[in-house]
Amino acid sequence: MSQQSLNAPGPGAEDGNDPEAVTGGQTFASAQAADDLLDEIDSVLESNAETFVRSFVQKGGQ
């Protein structure tokens, strides 16, 4: 998802003077945190994918 679509004003935000309007800054921060987490997972997978996968697989394949 692009930053433009995350921070685009919603319907009814024509004049920008609505005191209850949400700016989308928190949404961008959440998206950035998710991107950082995915980058960390990618780096772990690149270095040791087998151990990463085994940590999620229980005995018996469950």
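Just so it is clear, glycine is given a Cβ too, placed from its N, Cα and C backbone atoms.
The deamidated glutamine annotation in Swiss-Prot covers GLN62 and is backed by sequence analysis.
Taken from Swiss-Prot, the feature region 'Disordered' covers 1-29.
Sequence annotations record features per position, and here Swiss-Prot assigns region 'ARC ATPase binding' to 21-56. With helix defined as DSSP H, G or I and strand as E or B, the region 'ARC ATPase binding' (21-56) counts 30 helix, 0 strand, 6 coil.
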Query - Mean per-residue pLDDT computed across the region 'ARC ATPase binding' (21-56) - result: 82
